Amino acid sequence: MNHEEYLAKIERANAWAKAYYVDDAPLASDEEYDTLYHEILNYENENPLFADEHSPTKRVGGMVLEGFNKAEHKARMWSMEDVFNEADLDAWIERVKKVKENFTFYCEPKFDGASLNLIYENGMLKQAITRGDGSIGEDVTENVKTIGSIPLRINYQEPIEIRGEVVIKKADFERLNTDRLSAGEALFANPRNAAAGSLRQLDTSITAKRKLMFYPWGIGINSLTQSFLSQKMSFVYSLGFLQPPRIVVTQSVDDVHTLYAELIAKRDEIEMMMDGMVVKVDDVSLQEELGYTVKYPKWMVAFKFPAIEKVTRLKDITLQVGRTGVVTPVAEVEAVNIEGVIVERATLHNFDEIERKDIRIGDSVIIIRSGDVIPKIIKVLTERRDGSEKVVERPLNCPVCGSELLDDGALIKCQNLSCDARVVGAIIHFASKKALNIDGLGDKIVEQLYAQKLVLHVKDLYTLNSEQLLALEGFKAKKADNLLAAIEQSKGVSLEKFINALGIEHIGEVAAKKIARAFGLEWLEANYEQIIALEGFGEEMAKSLVEFIHVNKAETYELMAVLQPIASKLEITESVFTGKTVVLTGSMSQPRDEIKVMLEKLGAKVSGSVSKKTDFVIYGEEAGSKLAKALELGVKTLSESELNGMIK
Ligand SMILES: NC(=O)c1ccc[n+]([C@@H]2O[C@H](COP(=O)([O-])OP(=O)(O)OC[C@H]3O[C@@H](n4cnc5c(N)ncnc54)[C@H](O)[C@@H]3O)[C@@H](O)[C@H]2O)c1
Ligand SMILES: [Zn+2]
């Protein structure tokens, strides 16, 4: 790299940093930024005399957004050194050991959010400031007052700065984006941007609506006398702040590596987005001895997790037709490796999403894959377009059967009931795990059987023979026998699974179970009134089932004759609870689910909320608002032992 290229890289990194820190709308993935950053750093290490003062390696990232008042931190806020592998972590440990051979590590998750400094004086929250450039940040005091996990008063009178991360749970981030999608607003790329963007709102009421949380990780000025960071932080947590789920204080390097592995394993399970683990020196006097660079403390380091967000290119959008006829767009992308998995496709909800995100074929996009979740496109990098990108048109005809599609905005549907895609989809659903669970009857085989016209309807599965199967490509005696045996074995399935397997619109697993329990084998005789009376059934579900029965009654009876599903109809014993609505509250001596089933066997309807229509509230220990409401409404209440007395 020559000096000119070095300067160009600095310019690009600074533009990316502004978009990331100031606008909360990144122009690149973290991985790309980190690569660029390290290229700059390497050049500076090799040519220290030519290092430029504007380099991102020389300062803490942020700047103050226009519209906010500037505010000064009492003690400086820092950035953090990154390491990406064990060897670099061990090298950092060795550097600390040169100063002191034996020391204690303080390790915790690195949540990915927005950095915040809280200044308390006389036990009151006086000011809240974003990190900014480390010396001066934005005054966000009023916004911060809307965050529930930030105490406005603490039981400590001396001046103290409490630093931490403002985060939003992954699930709340998803909900926020779903709402923004339907409101036609720009989406946040990830929880970090959502947290930072929600905190830095000029309109406080917007911040208040977002579910922000605050996790402390350090302190600025203070007159605490404890000698270890871990002790100081315990004190901070005791003042009423949230504590992160995993903190490890240890002298053992092995423990540090173990925590790293554990956090990566729990990465999806932990509700907050983490981008690594932070390792700190616990001894405050050793921290001071180690000191700081211009940018970060030498006594702590971030051991980063492998990136789950990558930049790739959208090659095409293909269409998938499901068993209900819904046409879903699928993004075909250039293959990228995310945590060891090669990703080539990403889901898109619907065409509205494509339009709102303005996704075009040929675009560079940031794609995320976390855990088992199907990869998705989180951001289009529009400034990388060269004009050759193609706008995605909404389809007019079914890609499978060619018939005209119904486009109702959010959903595009093929209405042709005998569309191959719908029929094949229905058979695949019938054989799937949660339905009949027929081993060896996966998507490919169903497609093959359908293409050969051997199975055009699920009932045809039960007349298949080995000769027919052996004539198919890829079938040998063993495979054919296994498949026939698995099909045979699906006979005598529970009625609820059978109903679910039929793939009736709006009738899923839970509803199928309720139908089976309520009507048993006579379920095809149920009428609209009986169906809508079932707990949790709305008009849409009842109508759909009635319509299904109307069209498919004879055929379904035939299928039942072949399959002989076993009914699990609940036999009800008459009791004082028969036909009554009962609510359970408080903690009971036996599992609530067991009590619920027992009451249902006595003919009770067990509901979750208390109203005038409730007949009994049965309470255990520490019962709260539901019991209070029952007393207020004059609903009859029974303790757990009174209940036991009545049913013995
Ligand atoms: N995508 C982009 O365009 C782009 C641009 C700039 C920066 N970035 C990303 O930002 C990061 C660099 O930013 P940075 O220099 O602000 O560092 P950083 O955000 O990686 O680390 C420092 C921050 O970590 C936070 N933190 C979380 N848990 C902590 C804990 N337990 N203890 C102490 N601090 C904790 C603090 O807020 C602190 O300010 C990199 O990951 C980089 O990829 C991305
Ligand atoms: Zn079709």
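The backbone N, Cα and C atoms fix where each Cβ goes, and this holds for glycine too.
Caution: TrEMBL annotation is automatic and unverified by curators.
Under DSSP, Met80 (NAD(+) binding site) is assigned to coil, being neither helix nor strand in the three-state scheme. Summarising the annotation, TrEMBL assigns NAD(+) binding site to Asp30, Glu31, Glu32, Tyr33, Asp34, Ser79, Met80, Glu108, Arg131, Glu165, Lys280, Lys304.
Within 10 Å of the Cβ of Lys110 (active site, N6-AMP-lysine intermediate) there are 23 other Cβ atoms, across all protein chains. According to TrEMBL, the active site, N6-AMP-lysine intermediate annotation covers Lys110.
Long-range C-beta contacts of Cys401 (Zn(2+) binding site), restricted to its own chain and to partners at least six residues apart, with a cutoff below 8 Å, comprise Cys414, Asn416, Ser418, Cys419, Asp420, Ala421. According to TrEMBL, the feature Zn(2+) binding site maps to Cys398, Cys401, Cys414, Cys419.
Sequence annotations record features per position, and here TrEMBL assigns domain 'BRCT' to 572-648. The domain 'BRCT' (572-648): residue composition by secondary structure is 27 helix, 18 strand, 32 coil, according to DSSP.
The C-beta environment of Lys280 (NAD(+) binding site), restricted to residues of the same chain at least 6 apart in sequence and closer than 8 Å, consists of Phe105, Tyr106, Cys107, Leu229, Gln287, Trp299, Met300.
Look at Cys398 (Zn(2+) binding site): DSSP puts it in coil. Of the recorded residues, Arg131 (NAD(+) binding site) and Lys110 (active site, N6-AMP-lysine intermediate) place their C-alpha atoms 16 Å from one another. Cα of Asp34 (NAD(+) binding site) to Cα of Lys110 (active site, N6-AMP-lysine intermediate): a distance of 16 Å. Every protein chain shown contributes to the tally, and the Cβ of Cys419 (Zn(2+) binding site) ends up with 19 other Cβ atoms within 10 Å. In this structure, of the binding-site residues Met80, Cys398, Cys414, the smallest number of CB atoms within 10 A of the CB marks Met80.
For the pair Met80 (NAD(+) binding site) and Cys398 (Zn(2+) binding site), the C-alpha distance works out to 53 angstrom. Each of the binding-site residues Asp30, Glu32, Asp34 was scored by how many other Cβ atoms lie within 10 Å of its Cβ, and the smallest score goes to Asp34.
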